[in-house]
Amino acid sequence: MTLERVTVLGATGSIGTSTLDVLGRHPERYRVHALTAHRSRESLLAQCRRHRPAVAVLDAEEDAAWLRGQLAEAGLATEARAGREALVEVAEAREVNTVMSAIVGAAGLLPTLAAVEAGKRVLLANKEALVMSGALFMDAVTRHGATLLPIDSEHNAIYQCLPVDHRGGLVRHGVTQLLLTASGGPFRGWSRDDLVRVTPDQACAHPNWSMGRKISVDSATLMNKGLELIEACWLFDARPDQVQVVVHPQSVIHSMAAYSDGSVIAQLGNPDMRTPIAYGLAWPERIDAGVEALDLFRIARLDFEPADEVAFPCLRLAREAMAAGGTAPAVLNAANEVAVEAFLAGRLGFTAIGELVGRVCDECPVMPADDLETILEVDALARRAARVRLARQ
Ligand code: NAD
Ligand code: MG
């Protein structure tokens, strides 16, 4: 078997470390080409010792210089680099077959697009990149012959429940609806009044999944489900009304596809991201992911309920942004990134996240999102609008 060379963008994060765990179980199959991180240089150094990549990338030159010194001392041949250009280069490098896109937020867009444009196998965890640039992104996948595999557990589940070649729209394949499951987050069943005083630590304590802080807050506001609804529309060529959100607190069914003959196909598993990661790495084969077998007797029951869009308006805002089209999802995403950062820094209340995002969405005009410059400009504009509103609070 020829060795697959893998770049992991966002290697020190929750998805990044799970990816390295799976890769480490199959040394005969995978080699790490590059690992990247924003500022966590100590974690990146530890990963370099273990996985011996050819390249390691950090954001600041100062951190890369520190890493260079440490690598030399450890006698490792890894080259330490800094900055966005280096990120793009390790995503599109000729020797790389597979790129794990696991940077959080808009910062992941350019390197992920570079991997797509280089025709790589792209494992997409970074949903914000697709939300911002949907049409452009999917068009680039087709034009450059990239293989796009969704890593977000819900989309990975749907991918597994659809026919192998599901291009050309859902209806053509007899699919009537995608059922996107949601845990409901840590505040399921809470009223809007209860939510006002929620703290960052409460919001980050997810009942079923252990994740980075930004996506944990998104899960708590249900913006994560909103971003995932947009993600599903792009990945599976679906309209927003073909995607139904189903709250399923046990997080055992990761999503489903309903067919015209009445069949509903679901993918089940323990809530462990190593399952979708291993699926994406080995597709169309299957490899060991280190995940415990599902014990249905221990789970005993599966519950379902509708989402509460009154207490959690972010889901509605996302659906509206997708229906509005063009740059609307990019505005939604940018405003949300600013709002979540402010919430995590203790500068914005929990319920104010949705309010701020709603106001910025109302304020920014919707334009066609045909080219990258427009998308990046709109992203910057929406961030500015959100910051101006924050400063006024
Ligand atoms: P995380 O915060 O744990 O890790 C983020 C990684 O990106 C880190 O390696 C960090 O150093 C790097 N990074 C952060 N900002 C950066 C920047 N400006 N430039 C370059 N690198 C930067 O996040 P996570 O939970 O692993 O999530 C990563 C992505 O995967 C997100 O888009 C998230 O929505 C998606 N995702 C995560 C999960 C999960 O279970 N954690 C599930 C589904 C989807
Ligand atoms: Mg998900």
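Cβ coordinates come from backbone N, Cα and C, glycine included.
A sphere of 10 angstroms centred on the C-beta of GLY13 (NADPH binding site) encloses 23 other C-beta atoms. The NADPH binding site annotation in TrEMBL covers THR12, GLY13, SER14, ILE15, ARG39, ASN126, GLU128, GLY212.
In the three-state DSSP scheme, HIS206 (1-deoxy-D-xylulose 5-phosphate binding site) is classed as coil. Residue environment of HIS206 (1-deoxy-D-xylulose 5-phosphate binding site) contains 19 other Cβ atoms, counted within 10 Å of its Cβ in all protein chains. As annotated by TrEMBL, 1-deoxy-D-xylulose 5-phosphate binding site applies to LYS127, SER153, GLU154, SER183, HIS206, SER219, ASN224, LYS225, GLU228.
Look at TrEMBL and you will find ASP152, GLU154, GLU228 tagged as Mn(2+) binding site. Counting only residues at least six positions away in the same chain, the Cβ atoms of LEU124, ALA125, LYS127, GLU228, GLU231, PRO276 sit under 8 Å from the Cβ of ASP152 (Mn(2+) binding site).
Taken from TrEMBL, the feature domain '1-deoxy-D-xylulose 5-phosphate reductoisomerase N-terminal' covers 6-134.
Confidence across the domain '1-deoxy-D-xylulose 5-phosphate reductoisomerase C-terminal' (148-236), taken as the mean pLDDT and rounded to a whole number, stands at 95. For 148-236, the entry in TrEMBL reads domain '1-deoxy-D-xylulose 5-phosphate reductoisomerase C-terminal'.
Helix, strand and coil counts under DSSP for the domain 'DXP reductoisomerase C-terminal' (268-384) come to 68 helix, 2 strand, 47 coil. Sequence annotations record features per position, and here TrEMBL assigns domain 'DXP reductoisomerase C-terminal' to 268-384.
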When distances run from the Cα of GLU128 (NADPH binding site) to each of the binding-site residues GLU154, HIS206, ASN224, the nearest one: ASN224
Near ligand 2, which of the binding-site residues GLY13, GLU128, ASP152 are found, taking a Cβ distance under 6 A to any of its atoms? ASP152
Near ARG39 (NADPH binding site), which residues of its chain come within a Cβ-Cβ distance under 8 Å, counting only those 6 or more away in sequence? LEU58, ASP59, ALA60, ASP63
Could you give the Cα-Cα distance between HIS206 (1-deoxy-D-xylulose 5-phosphate binding site) and GLY212 (NADPH binding site), in whole Å? 10
When the Cβ positions of the binding-site residues ASN126, GLU154, ASN224, GLU228 are compared with the atoms of ligand 1, which fall under 6 Å? ASN126
According to DSSP, does THR12 (NADPH binding site) sit in a helix, a strand, or coil? coil
